[in-house]
Amino acid sequence: MTSYRPDALIASDISSYLRQHQNKSLLRFITCGSVDDGKSTLIGRLLYDSKMIFEDQLASLEADSRRLGTQGQEIDFALLVDGLAAEREQGITIDVAYRFFATEKRKFIVADTPGHEQYTRNMVTGASTADLAVILIDARKGVLTQTRRHSYLCHLLGIRHIVLAVNKMDLIGYDQQAYANIVADYAAFAQSIGIAAFTPIPISGFKGDNIAARSGAMPWFDGPALLDHLESVEVEVEAARTQPFRMPVQWVNRPDLDFRGFAGLIASGSVRPGDAVRILPSGRTTHVARLVALGGDREAAGAGESVTLTLVDEIDCSRGDVIAAADAPPQAADQFKATLVWMDGEDLLPGRAYWLKLATQTVSAVVRVPEHVVDINTLAKTSAKTLSLNDIGVTEIATDRPLVFAPYADSQDLGGFILIDKATNATVAAGMLSFALRRAQNVHWQATEITREAHAAQKGQQPRLLWFTGLSGSGKSTIANLVEKKLHALGKHSFLLDGDNVRHGLNRDLGFTDADRIENIRRVGEVAKLMTDAGLIVLTAFISPFRAERDLARSMVPNGEFFEIFIDTPLEQAESRDVKGLYKKARAGEIAHFTGISSPYEPPLNPEIRIDTTRCTPEEAAERIVEEIMGIWSPVL
Ligand SMILES: Nc1ncnc2c1ncn2[C@@H]1O[C@H](COP(=O)(O)OS(=O)(=O)O)[C@@H](OP(=O)(O)O)[C@H]1O
Ligand SMILES: Nc1ncnc2c1ncn2[C@@H]1O[C@H](COP(=O)(O)OP(=O)(O)O)[C@@H](O)[C@H]1O
């Protein structure tokens, strides 16, 4: 790097400075390594050498360095990066810190990610948007478990450019042989996990060797200095322009009746007015009419740019759809093989529905029991029933609607996704789609000639799903039975699903762990839905302790058909009834995961009907339910 002084140009000609700046390409990179490998020092050095530190920051850095005395009287560059007070106290970096700097050739955003084991999650966050990773190694220590773990994650997340920065060369006397040994060691490991190439550079972040310029201390090294490499490496956005055009639609811009524009960020390829495009998942084709960006109409735009397209034909296209090159469209599917990095303190619940966000699409998705979990220290695959914090697992995912996607290896934009807990809104996992399962494409909805309306009409009734929920012994079965008798007497066609006819048959394989209960209720929901399709009034009497699965069942039938009936009996009351003697056993520790005692019950927040069994008889409760679902209002019991 030459001695570039942005401040001089800013002072003399601000507009030409800004112009220059705007046309520069952007490289996003991350630094990873173990706790003391010198990441923060290296980033501080890069910022310092590129002169992007503001003077007041520099003054306080010098003062801090002297006060803390971490590096004698010299500037401690790590202090520039370790912004958080807690980090300074612990001497470790605990979250992802993003820094911006620029040289005359390029702009950079660097994510400094934590080194210790439990922070895989932060590292994944930093790595998911990076074009390049600088893997730091302490020359005195060589390739460590951490080095292997970070390299594996970087490769998994699709980072194509890896720099192996062998740091602290000054502390080993700039020893060429020691450096060569480390590079050879790393090369063997890199090959074993499929990293095709990497760029090794011997450096000293502290002394500045091979950072901004080639170091005189290592004349035997004939590669580039780190900054030269960062300035010249070709980034994915540039490469992405040569791929087929894809733009996930972020929103539909309709300021007046004459203009209907589809706005989004171009994920790959380029586009011009007149190009043939296909809208996915519908598959309809049309042509681009206009291309509008900040500043007016454009003749062309490419990957990384935000634009608004108008189409020649009035075609249905909304947020979440993808506009793609007509002759090379991406696929759409609803079942996938994927790799997940679990990032939440609560374990994965296989069978539970999570929100899955991919590009601008949000769908409901169910994750199956993982096929295996990868131990990233040994790369061994072990079997597992769930995923815990920082686990990396391979699993199948089913979505409730087709997703337009590309394998992550081909497109991070259309293959990378996150999972969100529907109740807490927390991001629980980051994932990468590998491929669509063939069976998703081969199973087609069979168009049935006798519709659900026809079934219901023949029975002369509206289908209903009466979903009873409550603790064991709350009175679900008793009341549901009475309701069904009354419906029968009224000439209605009904069916009662409860533990007796389901847990002994269809769900014989399930116990009472959270995962088993989720699967129990999911299956009951599916069966109940089919029965409502047949025109029946279906009653279900299961504890169904989790809101998420009750909501899932609700979402399976048309609006207005689902009645959540909360049999609200306090635990003390249910326990005192103890019809089957189960509470006594549970209290004695003879039954594990017993609802209300050692397993949670999440009461409904907004049930259609709430029955307080301490204030009415089963007969009265049943009477009220029948009146309410038949549309006759009666006073609250
Ligand atoms: N650990 C544990 N926890 C709760 N209940 C248990 C357990 N073990 C057996 N039982 C008996 O199983 C009945 C509950 O089954 P469900 O299918 O309704 O449960 S769930 O909805 O899957 O949670 C429940 O029946 P009800 O009393 O009719 O609710 C119990 O009799
Ligand atoms: N008001 C009431 N509503 C429902 N059940 C009641 C009521 N009062 C007493 N009970 C008794 O409580 C028990 C509830 O058992 P059950 O219906 O099997 O519950 P669940 O199906 O929820 O486990 C029955 O023995 C029933 O007679």
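Backbone N, Cα and C atoms are what each Cβ position is placed from, and that goes for glycine too.
Among the features that TrEMBL reports, domain 'Tr-type G' is placed at 24-238.
Positions annotated as GTP binding site by TrEMBL: 33-40, 112-116, 167-170. When secondary structure is read from DSSP and collapsed to three states, Gly33 (GTP binding site) falls in the coil class. When other Cβ atoms within 10 Å of the Cβ of Gly33 (GTP binding site) are tallied across all protein chains shown, the result is 22.
For Gly475 (ATP binding site), the same-chain residues that are 6 or more apart in sequence and have a Cβ closer than 8 Å to its Cβ are Ile567, Thr569, Ile611, Thr613, Pro618, Ala621. According to TrEMBL, the feature ATP binding site maps to Gly470, Leu471, Ser472, Gly473, Ser474, Gly475, Lys476, Ser477.
For Ser544 (active site, phosphoserine intermediate), the same-chain residues that are 6 or more apart in sequence and have a Cβ closer than 8 Å to its Cβ are Trp467, Thr469, Arg517, Ile521, Val524, Arg550, Ala553. The feature active site, phosphoserine intermediate is assigned by TrEMBL to Ser544.
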Binding-site residues: Met169, Leu471 - member with fewest neighbouring CB atoms within 10 Å: Leu471
When distances run from the Cα of Ser472 (ATP binding site) to each of the binding-site residues Gly33, Asp36, Lys39, Met169, the nearest one: Gly33
Neighbours of Gly470, Leu471, Ser472, Gly473, Ser474, Gly475, Lys476, Ser477 excl. site residues, C-beta within 8 Å of centre, ATP: Ile543, Ile567, Thr569, Ala574
Cα-nearest neighbour of Lys476 (ATP binding site) within the listed binding-site residues, Gly33, Asp36, Lys39, Met169: Gly33
Nearest of the binding-site residues (Gly33, Asp36, Lys39) to Leu471 (ATP binding site) - Cα to Cα: Gly33
Other CB atoms within 10 A, centred on Lys39 (GTP binding site): 29
Most Cβ neighbours inside 10 Å, all chains, among the binding-site residues Gly470, Gly473: Gly470
